[in-house]
């Protein structure tokens, strides 16, 4: 049978990065096709091209064997191709129902919107998904999981023939996941084709018929799931043996540097307690939306917390003040590089020195090339590849951008380094550099907290792994205890205290 | 440095400055506040000197695009043409107190011989006017004056007494000599308005007006909508109001417009100072019996001649000097260099159609 | 584990929604209350304030501001602003006067349509500059505010159009009443209802909210953002034009300074009426109520013989109070919603 | 591959390119303004009688001083992505209070200090609403724009206080060594230097650009965004108060309606000066040039007897052009650069 949708050696680049190189992929009616690969392997780009957000630089997309060139997401949807994004953007002020039907609300007489029908439609969709959300509530304040469900409902409402899901289950509870799978299977029986991108291999194996592995923007392999084992897949994903990838050498942990005690932010996370010693790397694992980033944000003072306290070297830290945190020697390499890590419009130099303006100024005045020298020194140490220091940091590749973020923080000589998804969306080479860097820092006695969704990374780097689920720490695992299984168990909350 | 310290220090500094400055500072009345340069009529007048030709005469109204001034300046234009000068009108598009200054500066920059202006603020333009005069310009004010030391001559449309008399007379006969009346003025500090209101109160002290009482003075700020609302307010707050006097063109027009569309039409008398064109309709539909105004065109006309006479050395602005003003005939300069145009004209059913301004 | 479904029961979600709705009710209800209190106080002081005549005056006074506020709302909802409405009103008012005085035969309807047309043209200018050149509306409309006013002035050249120059039929529009309700007020209400209906019940209307609420998502949803924004400015301009015609009809005397600085009141009315200055939420009837409140304050100050200078200060206070209140409600709602979801937590 | 230095030269996607072009355009913006200004001066000097004279120069400076003063702090505020529309009303209220205090018989030196202090307080009110309650500065300052002007009228009604000592009123427009440069302008220039150094050469100033471009990233870098904005609004208020003192003395008249509507002129000047309304971009020099350009054009046209109406059209046109032109240029360049990348 001819594939419903097909990519034929598609390539795509963004300024410095070649995101895809000659990727081919085919989806057949009635199949669930898994797309796996590390972050930055190019999955999302594939998804976006199928969804009509990007147009390929080379190669073509075929629908029913016909070459198509989607001009926009709406265009793609009109061709029956729907995408569910990992972190959906929604209209906070509008009702859930309108978020689902925006632009295609059911019309009554005189072309006016028929709200009754719309509400009924939504109710039916939610029924089918087993979701209990009030269609009339505004989208503002929905949890990531709920946003996901709304997106899924939207996709269903499109009666799409090709459904693309990018990490749809990342934030869902297992019950919801089961429900979702039921729906997906039903869709396939109705003749739809589903592309299912996920990190959770267990889900992939239980749901999908075929599986495609991508790495560094290239196609690696496509096989029936039946012929594959988890180990094979993982090895194909990382392209080398897991053990060799993450070189964290053991160091004798020193005194406790960072202590977090009963930290609670109502409705986000509660009673978070842990401590980190000098020279230690503590991994913070869990699913998207489990509250990991929220915890580190609170520790660093970006968000306030309702209860608990944070101590650095025994001294209590003022709540809600990043500058106080910096003064106390904490550094945070945030999750969202483009939004939080860097000021994209500013030059590499300005970004690299943003955290040290005071120390770099003399008599309160900047200048005399002190910034340039400092910037040059640190970008050199981290081997940042750039044209001129005056270039906008936005022109660098993801990996080099991340290095600039690290540079600006390492320059402050932190005692506690918190890294949130430090290698998200950067290429394998740089990734390894970052990992080496982190373990060297640990060796130099810095206390490191690493939030990461990439299990291999966590397992490889961390001396201890804390696992969070829905705002609570559900397990603390030593290096030996921590395995894919134990972590996933705790992360999905399937057994409290999996350890 | 901590917020607290910062604030403390700030406070300390302020305190010291205050202390220092408080003692031995400049207080009100401790110093002369008039410009020594602001001199009165100087030089010798030569009554027989001919009007110089080719004088540059510039009209600077409170605000260009204001119909009243457009008419007045029009009068000035015709005068300037009569004595073969060069007329021009410049001015700000909104009547701000200070907006006239840069125009005065510009004019003195252009070596204008005569500046004829109506002051938005008696003080704000004084400095500029004086520097213009030092640069050789003659300054005539009309309609609203500045401080006397800032101009050579002030052409007053009419004496306050004249207005007050006329207005009280009009309203008295319209309400049949007794009852409550209210005044709808322009802005609370419009120099001439306040003077007139005072004089009207004086008038009403006369025995024949003993039964008439001013119950309120409202301010419409010479804005249509405001005057509208104020009129409503008056009629509502004073149920047995007999009449309204509005000695300002904008006010009287707005009031008339409100009355003509309301239940009070014909029941409440209205008079004031307005232009025939604005009031014609309301006189015809019976909302207004009669109202008054001087002829703005004549005002501008006279001002232009006064300026020319000054520039030609005919007059210096000293009291008692005589001024020959074309078709308007001869005028005598009063004290403080004030020239009075004459009593206002009254417009009613009978004569209104003979006027177009 | 098996407890999870139990957690995700309908009640919390529903009650949540209800409370959210109540918040919005409260928002507009608040204005009504304020309005009521104001009227009450004034009436106690002076019963005449509730006389039919005075009520008629109130409606008359509010009508023009309401029309402008409705137009402004449409623009603000899509995360823009139009500061040029005052200038447009002035320009159109004068143009209408000019038209009718030079061609007295012109039927009122034609005059009205012409005015709306001219207003729309001004709206097109704004719309093109904002949507096509992608320049912030604040800056553009600040510029066109100067420009339109300037054109108005240089056209008027100090001439004034008086009631006597205008045909009675047209002036009638300003004073006529149906069943004791001034025609102007009727027009304003109709405009409000129509635009409100459009925003509530038509896709393009909802899309304006969507654009204001989250532009990125709007593009992703394939909404033609540029075109919608453009239309909103044209609509706003057209309504400003209509307001200009109504102004001419009501006051009869028109010169180039008409409507100077009214844009402030208009924005104030919208904000006081609960329209979020950064788009996404708010309603035209809220804005209309805001406009009514502002005008009522004006005339009750006049009736209470309170120093009229207080008016502007009060308006300013109201704006601050309004945005403060909205913020408060939003935060409350956020806290109530924070973290709760269909699967508990 | 990502690390390949050559890759850096690959054209960036639209957003970055736009920014890049814009910035490079803006680096030249000051120069462009300077050229235009020079051109205007030369042309006017030749064509317009009375333009090229010391006295006229003095008048020109006197006219722009108030705008220039207020523009200084406003520039910093706009660079952080906020805006303050209440400046002119603050000026008015300060002027009104100045009148009342003088009438009350306080020594003028004290009055001046108090008035500037009042300005700072009024600015602090804005600051509290914007930083503590996290309200949009646009809405807040539209509110205080109305409120402060209203209070000014409440304080002084429509009266004018005019009997300030001549020594003081004269000083407001007197010039250095009786030349063409007014003392007021000198004060402004000194303040401009201060603000310029703060903006361009101190950690504080640097952080303003960062928060203007991306407040979130600035916060994550440990920059105290709220505090910085707070003090900027206070400064804006204080300087507006100072401008109020100048205005009152120059026109020898304290009035509630002083400088009504001036905020538009100031914002226009700041934007013409090349400051991005979105924040993150702009230089103080550019703004000063913008102020001078607007002033020079108006002054020249006035001398050429161009009607006030036309002046407004010109001002509006300049403002629109100053924002539209760079944008259009940027967009067209982006298109040029991107075309080859779409062999469709």
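Backbone N, Cα and C define each Cβ position, glycine as well.
Summarising the annotation, TrEMBL assigns transmembrane segment to C:29-46, C:58-77, C:83-101, C:108-133, C:176-199, C:229-249, C:261-279, C:286-304, C:310-330.
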Checklist line | the transmembrane segment (C:58-77) vs the transmembrane segment (C:229-249): 3 or more CB pairs under 8 Å | finding: yes
Note to self: Pairs of Cβ atoms less than 8 Å apart decide it: which stretch in C:83-101, C:108-133, C:176-199, C:261-279 has the most with the transmembrane segment (C:286-304)?
What the structure shows: C:261-279
Next item on the list: Take the transmembrane segment (C:176-199) and find every residue of the same chain, 6 or more past its ends, with a Cβ under 8 Å from one of its Cβ atoms.
Entry: 52, 56, 59-60, 62-64, 66-67, 70-71, 73-74, 77, 205-206, 208-209, 235, 239, 242, 246, 249-250, 283-285, 288
Check: Most CB pairs under 8 Å with the transmembrane segment (C:310-330): which of C:29-46, C:83-101, C:108-133, C:229-249, C:261-279?
Finding: C:261-279
Checklist line | Candidates C:29-46, C:83-101, C:108-133; stretch with most C-beta pairs under 8 Å toward the transmembrane segment (C:261-279) | finding: C:83-101
Checklist line | Contacting positions for the transmembrane segment (C:229-249) when only residues 6+ beyond its ends and CB under 8 Å are counted | finding: 63-64, 67-68, 70-72, 74-75, 77-78, 80, 82, 84-85, 88-97, 100, 111-112, 115-124, 126-128, 130-132, 137, 161, 166, 170-171, 173-174, 184, 187, 191, 195, 204, 208, 211, 258-259
Next item on the list: Give residue numbers and ranges for long-range contacts of the transmembrane segment (C:29-46): same chain, 6 or more residues beyond its ends, CB-CB under 8 A.
Entry: 272-274, 286, 289-290, 292-293, 296-297, 300, 303-304, 325
